[in-house]
Amino acid sequence: MRGRGRQRSGALVLAALTVAALFAAPAAPAAAAVASVQRLAGDDRFETSAAISASTFSPGVATAYIAAGLDFPDALSGSAAARARSAPVLLTLAASLPAATAGELTRLRPGRIIVLGGEGVISAGVMNALAAYTAGAVTRIAGADRYATSAAVSAATFAAGAPVAYLVDGTTYADALAAAPAAGRQGGPILLTGRTALPAAVRAELVRLRPARVVIAGGTGAVSAAVADAAAAATGAPVQRLAGADRYATAAAIAAATFPDGAPTVSVASGADFPDALSGAAAAADGPLLLTTPGSVPVATAREIIRLAPGRILVLGGAGAVSATVSDRLTVVGTSLTAATGGVITSSTEVRAGSCLTSPDASHRLCVGIDGEISVHRGTTLRWRSWSADASPRALRVRGDGNAVLYSVDGRIIWQTSTSGTAATSLTMADAGDALLRTSAGAVLWSTMTSPGSPVWRLPYATGQSWAAGAPHSSFGTGQGARGSLDFGPRAGGSTRVLAIAPGTVYRVQCGAGSYLGISHAGGWQSTYYHLVNEQTQLVGTTVAAGTYLGDVGRTLPCGGGATFDHVHLTIRRAGAPVSVEGMTFGGYTVRSGGSDYWGHWVDATGRRVVTAPGGAACCLLAR
């Protein structure tokens with residue numbers, strides 16, 4: 001039921017113990033921190049490798065490592081060595097040197113080049129070609145297999161008495177990707193092992209190294225307890241295991257054990273594939289490498305970024321490896337704001353999950369629960385709730401587009417005042433009891449409508465009638481401006497009478513030569529009614545009660561637009577301008593937006609979804 005417009009329930013009482021369980025006193029304000037997010041990527045893994053190197057290393061590096069780009073073991077072994085030597089890892093094909101790699105070597109002018117792996121992964125022809133890019137030697141480090149190669153890389157790089165040696169599963173890449181920056185930072189190697197047995201070459205290297213400690217990256221499913229025991233026997237050193245529930249949590253655990261708060265840079269790469277992280281592990285000079293899925297930020301990764309509070313987040317790889325959605329969410333995750341005070345949230349403050357924002361006179365609180373619901377309270381009386389829910393809420397903020405948004409720990413939007421942009425600059429918990437989204441000039445663009453003077457909306461039709469109801473949309477249905485309009489239409493054979501949704505004074509909305517009816521309500525609110533026939537124009541200038549007959553549904557277009565069937569296009573306004581109806585309640589039903597005009601749903605007073613509007617009005621809401 002698309003049309004062109006011109007544009008509560010009773011209070012609930014919460015037990016004090018319930019309120020205390022969901023909300024705590026606001027944390028002490030901390031300095032705001034906003035991480036910049038930069039993507040390093042090329043058209044393929046070789047170009048990405050070159051881009052990572054170019055962003056990290058200046059010309060004249062002492063060493064450059066070359067590893068196979070189509071497999072991971074040798075590059076993993078070399079990444080810790082490269083990190084320890086402040087050297088890049090560049091990728092190559094087995095039989096030819098990619099142009100991007102050649103170009104980066106030309107820029108770097110390395111003092112020498114080390115090839116990782118045997119001729120089966122990097123041919124003699126490639127090795128010969130590499131000689132043109134250095135004045136020094138081109139050497140190869142290789143063993144009989146991936147395990148022996150990792151031992152050989154360690155032996156060529158780290159002296160006996162190393163402070164640490166990391167053991168990782170040699171059959172997969174994820175744990176090693178995160179372990180490499182940690183190992184390199186601590187001055188130790190990455191050694192590959194079998195899952196259930198310690199390879200002889202690796203055992204021999206551990207005996208030679210005599211590390212002060214051994215760190216196993218990954219759970220017992222990746223590196224068994226038997227391997228840990230064998231490593232302890234070979235070194236006589238304590239063995240520590242760093243592991244999480246999955247590869248993302250393991251990477252976070254490694255970072256947490258290695259890097260202090262305030263890391264300058266955090267690198268983030270796909271945990272679903274290895275190429276981008278191979279070069280990134282070596283380049284992560286001053287921070288950890290964390291893993292993400294292509295489409296979402298794992299909570300473990302997000303929590304570690306929040307702890308680290310980096311100044312910069314490097315996304316390694318193109319949008320196919322790490323999506324734009326993830327990049328956007330990392331910006332949210334990497335932002336930490338000071339706790340809001342004085343009853344106002346601005347673009348530089350926030351209300352964190354488990355805390356409340358108190359009105360200036362301390363009579364009301366706007367709270368963000370640890371269950372992901374936002375609520376307004378007067379004492380222990382619940383006045384309004386968002387009906388949102390999430391397992392990992394983080395903070396309520398005012399976003400740059402002028403909307404109040406509740407974000408999750410991993411950067412998702414849990415709830416927002418509007419799914420389209422506004423000119424608002426703050427969210428205020430007013431003494432009167434309303435939470436108000438305001439512009440810098442004080443105009444209200446959204447409200448919880450919880451002050452005693454706020455109108456209570458009913459549905460625009462008679463009690464006992466069931467009408468189809470639409471979802472929030474902008475006045476023109478173009479997605480521009482506040483989604484402040486709703487369409488309602490009767491079922492076949494039902495009453496067509498449109499009623500006032502709250503008491504107020506009837507006025508005429510002028511639009512050039514045309515006009516239609518509106519009502520001015522208490523508190524500066526207005527409701528307008530478009531498409532009506534049989535308009536009761538004699539009511540203009542009079543005060544009417546809620547439920548007063550205004551006209552019948554129709555398709556009239558006094559101010560332009562269009563309509564394909566009979567309905568009323570209801571718009572809620574402040575100072576004549578539409579405001580977002582997302583989250584508003586009409587006749588005990590609360591409306592939600594799906595993020596696009598005409599898409600959304602309605603819930604009843606218990607939070608149960610009763611109508612879903614998939615791009616237009618859907619049947620039906622029963623007026624009570």
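Yeah, the Cβs are placed from backbone N, Cα and C, and that goes for glycine too.
Reduced to three states, the DSSP call for His531 (active site, proton donor/acceptor) is coil. Look at TrEMBL and you will find His531 (among others) tagged as active site, proton donor/acceptor.
The active site, proton donor/acceptor annotation in TrEMBL covers His567 (among others).
Taken residue by residue with DSSP, His569 (Zn(2+) binding site) is part of a strand. Annotation source TrEMBL lists Zn(2+) binding site at His473, Asp487, His569.
Mean pLDDT of the predicted structure over the domain 'Bulb-type lectin' (342-450): 93. As annotated by TrEMBL, domain 'Bulb-type lectin' applies to 342-450.
Look at TrEMBL and you will find 1-32 tagged as signal peptide.
With a 10 A radius on its CB, His567 (active site, proton donor/acceptor) counts 28 other CB atoms from all the protein chains.
Cα to Cα, Asp487 (Zn(2+) binding site) and His567 (active site, proton donor/acceptor) are separated by 7 Å.
His531 (active site, proton donor/acceptor) sits 7 Å from His569 (Zn(2+) binding site), counting Cα to Cα. Per-site Cβ counts within 10 Å over the recorded positions His473, His531, His569 peak at His473. Counting Cβ atoms from all protein chains shown, Asp487 (Zn(2+) binding site) has 28 others lying within 10 Å of its own Cβ. Mapped onto three states, the DSSP output places Asp487 (Zn(2+) binding site) in strand. In this structure, His473 (Zn(2+) binding site) is part of a beta strand by DSSP.
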